[in-house]
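Okay, so here's the structure we're looking at.
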Amino acid sequence: MLRIYFRAGFRSLLRRRSFSLINLIGLSLGFSAIMVMAIMIYQYVTANGQFQNKDRMYYVKLRNADGAEYMYTPYPFLYTILQTCPDVEAGTHLQAIVEPWLKAGDKEFQDKTWFVDTGFFRVFSFPLEYGDPATALRNKANIVLSHEMAAKLFGSGAGAIGKTLVRDDSVLMTVTGVLQSVASNTSARPEVLLPAEIINTNQEFMDMANWYNGFAENYLLLRRDADTAKINAQLNRIVKTNFDKNVSNCTAYLAPYSHFVRAESGNLFMVLIKALAGAIGFILLVMVANLINLNAATLLDRQKEMAVRKMMGSSRLHLMVQFLLENAMTIFAGLFLAFLLFRSLLLPMMNEILRDRFGTIALNIRHDYPLLGIFIIAGLFIVVLVGSFPALHFGSLRAIDAIKGQITGKRERNTTRNLFITLQFALATVFIGIAIIFNSQIRHMKGAALGFDQDNVLIANTDLAYHNPKAAEARYDVLLNDLRHNPAVLGFTNSNNIPTAYGNNFNIFVDPVTSREQSMRQASIDAGMLQTYRIKLLAGKNFSGITDSADRHTVIINHRAAMLMGWTNAVGRQLRPKGDKEVYTVAGVTEDFHYGDLSRDIDPVIFWPMGRQKLMPPYLSIRVAPGDGEEIGRLVAGTFKDIPTRRAFSFEYLNTRIDKQYALMEGILNATNYIALLTVFIAAMGLFGLIAAYTRRRVKEVGIRKVLGADVIDIVRLLSRSFLLLIGVALAVATPIAWLIMHNWLQDFAYRIDIKWWMLASAGLIALVIAAATVGYHALRAARANPVLSLRTE
């Protein structure tokens, strides 16, 4: 019986080739786009979900009095927690502040290396491909590698066990474990694990690991019946008792590790997830509306066929099964083609855009089978939803009426058709509006004034791990002297921070007069920074930079810091770090400038004097005369070529770095443009098929009207009027929806555009032109047809 249904369904699809092809193309394009977005959301929702005790995993966060939150705490905090909180079963650091160099044969590297203690494998249940988690890091000379690192260095995991690496040119380390491959949506993805005992016995590190400096991440595994509120109270008692008084005004609390990605990934990531979820909903609605419309268009053509089936004994259930099966064949064929398109083309393109930010996204059926199940269930749901409409219609059809050619349920069908045409084009118009506004926001962010001159600035990375730092420093001083006397060099600066790469180094500062407190971002600069980047000094003076101690008790702040401190004239005012007795005088105030992308606001910033220019900072910025960038680049590259380093020297223009900030947003923009085109394409195809069926039904009427004297314009108006009226309704509905969606979305950006009327008007005009062209084509074709042939049509 089922074979008969399949055969009948296949013949029906072949008989209606144009409708079947329209459906198949729309479904494959729509489902492939949904697959791209769904796997990203799935990766987000299931992030860090592979750990055995994921519901009991937490990490510690601190919240300052001003609301700022961070996850870095003093190093001894973890060990005190383990000693005083009985509800904490295990805890560990992921310590990467010290980055050793490792060497295997002629391969030297400094990849993602963490110093971890014995609690690591209890908290993070990473399975080992080779080795025993209980003993793998028991000895200071042990080392554990990731599966990928082991294969890179020794060919395989098995080949790595027992092999020797050299740490920091002198210490031998033996490979005692190899991790299994870690899922791409895992936040903790180490390449190398070393015993924490190495740094715990290092005096220089332990001098820094006090109760003041916050650089340690703390991850905890709680007991099954643990009370998080009770533990939070215990954490805050530790803070009050042990933290240095300068930093003890914060609040500690536990955050679920399952929320780690959501909490720590930043604003742009959340913008992306919201956009993807909305896009999936839009595309599904357009696809379902398109399928229902095209099914509705075939009802009249198939009424006699269904009447004959009923007269031959087919029940309502048989008819429903037939229509469900036909739609299932189309929908799952579209799913299969979409999967091929996704795997072969879209997934590689997505990884090219997102790899630097989120790592490589891979589809692994063994781990990601729930996603496959979701697609199958979604396909079945669409089959039932779309196939039920014609099945229910024909189930109530009287065979004698169909044989006589009497149309039943005409008003209901027209209402349904009109509703879904309006829905399709409303959604398409919304997405066109979203794309236009999104494009405008990106152009605004990339073209906005940044508060400094970004043109003709070379950025050289000088953090190269020198084999002989003293010799490198001497050679670097020669280079700086050459730059000073080179007419093509208009300024240069050494710094730990540059626009696009400002560290999250904050401290609280106090006005000794008013006792007003303010958290400020800290950055160290030399006297060349303001000149090189052409950052305007609003008041006061720059650092002198003559010697390391010349500007020792002075600072420069930005305008935002001065405003938040309540100073109209900040020069000469004094600041001190909270809890510190030493006071610093404000020497100058700079104009506010954007050190990061424009999705976030400008923080108050305090600049510390770096003293004389030297090699230690990681960035050398050089402002060059227009056209001389390549020459200066070769000069600097030639100098570093002669200095033995572990890392390769590189430089790039500041403009390039700024553009890279928006690489993710550009990727989202391209995806949005694609989805907008896709929704319009699917809607237009649906309308195309619907108009074709509509004009075919009225071909005799058109012929009679032409014989009676109607001209081409009258016929076109007759056939297109009702459809264009529906498109007008769709535009009226879509415009406020698009405005509301994008108005709310833009609130995630600190610097945003105002939505102009022409943006939404342009979206409506584009949708109207596409719809008019689609309707007009068929209407004009019918109007020009020979009326004699039209009257002969059966």
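Just so you know, glycine gets a Cβ as well, placed from its N, Cα and C.
Heads up, TrEMBL stuff is auto-annotated, nobody curated it.
Per TrEMBL, these features apply:
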| type | residues | note |
| --- | --- | --- |
| DOMAIN | 20-237 | domain 'MacB-like periplasmic core' |
| DOMAIN | 279-394 | domain 'ABC3 transporter permease C-terminal' |
| DOMAIN | 508-627 | domain 'MacB-like periplasmic core' |
| DOMAIN | 675-787 | domain 'ABC3 transporter permease C-terminal' |
| TRANSMEM | 21-45 | transmembrane segment |
| TRANSMEM | 268-296 | transmembrane segment |
| TRANSMEM | 317-342 | transmembrane segment |
| TRANSMEM | 371-397 | transmembrane segment |
| TRANSMEM | 418-438 | transmembrane segment |
| TRANSMEM | 674-695 | transmembrane segment |
| TRANSMEM | 723-745 | transmembrane segment |
| TRANSMEM | 757-780 | transmembrane segment |
### Message
Would you say the transmembrane segment (674-695) and the transmembrane segment (418-438) are touching, if the rule is that at least three C-beta pairs must lie under 8 angstroms and be 6 or more residues apart?
### Response
yes
## Note on the structure
Within the same chain, the residues 6 or more beyond the ends of the transmembrane segment (21-45) and with Cβ under 8 Å of it are 184-185, 261-262, 269, 272-273, 276-277, 279-280, 283-284, 286-287, 290-291, 294, 330-331, 333-335, 337-339, 341-342, 346-347, 350, 354, 358, 361, 363, 368, 370-371, 374-375, 671, 674-675, 678, 681-682, 685-686, 688-689
### Task
Take the transmembrane segment (268-296) and find every residue of the same chain, 6 or more past its ends, with a Cβ under 8 Å from one of its Cβ atoms.
19, 22-23, 26-27, 30-31, 33-34, 37-38, 40-41, 44, 261-262, 323, 327, 330-331, 378, 382, 385-387, 389-390, 413, 416-417, 420-421, 423-424, 427-428, 430-431, 597, 599, 664-665, 668, 671-672, 675, 678-679, 682-683, 685-687, 689-690, 741, 745, 748
### Query
Which residues, given as numbers and ranges, are at least 6 beyond the ends of the transmembrane segment (674-695) yet have a Cβ under 8 Å from it?
18-19, 22, 25-26, 29-30, 33, 279, 282-283, 286-287, 289-290, 293-294, 296-298, 300-301, 417, 421, 424-425, 427-428, 431-432, 434-435, 702, 719, 723, 766-767, 770-771, 774-775, 777-779, 781-782
